[in-house]
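Copied over from TrEMBL:
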type	residues	note
DOMAIN	20-78	domain 'Tsg N-terminal'
DOMAIN	82-213	domain 'Tsg C-terminal'
SIGNAL	1-20	signal peptide
Amino acid sequence: MQPSSSVFLLFLSSFSLALACNKALCASDVSKCLIQELCQCRPSDGNCSCCKECLMCLGSLWEECCDCVGMCNPKNLSDTPATAKSTVEELQRPIPSLFRALTDGDAPINMMVVSFPVAEELSYQHNLLSFLETLDTHHNVSLPGNSIHASYDTPDKLCTVVYFDDCVSIRQCKQYCESMGGSKYRWFHNACCECIGPECLDYGSKTVKCMNCLF
């Protein structure tokens, strides 16, 4: 049997053993790590000789994909769904004029542009600050300035974000959003990618809206 065939069979057997494995998200990176034979040991059998190499290969996808290669316990299917969890990051060199140009008018192919009031984006922080101000009244809790309230009270401002139709890796999400001139990005743990525009004061929407990557 050819080496590539045996790796492919190991890849399939790993997926069959990991019923909770997120195949849509993990397939590409897991196959790469298996082809390089970096995730062949079994910690459950007391053999962790490859654990560090496998961790480095999977990188930011370790948490979501380690069960696909038998390196960690399968996730409980009743846990919080992947669509409710996300990773966010600010981009170092945003180009606001580029982002506005690309999101003005008809949406580019394979993308969806969504705009909503900044007040909606900041509703969580607004509610939290109101709660803390209640504590301040009764328990003398010190609070920072009222910048959140000032931003919240500007109903005419819109936050514009872009969703890519298909599932992508976190690295692709960051690269795509950088190439669009985005200010930040949110990568949902089901592999949906959201690029966040310059008018957004927080990290955009917490709702998954990628057409082909909703679950």
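Heads up, the Cβ atoms here are built off N, Cα and C, so glycines get one too.
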Averaged pLDDT, computed only over the residues in the domain 'Tsg C-terminal' (82-213): 81
Per-state residue totals over the domain 'Tsg N-terminal' (20-78) - DSSP helix, strand, coil: 35 helix, 0 strand, 24 coil
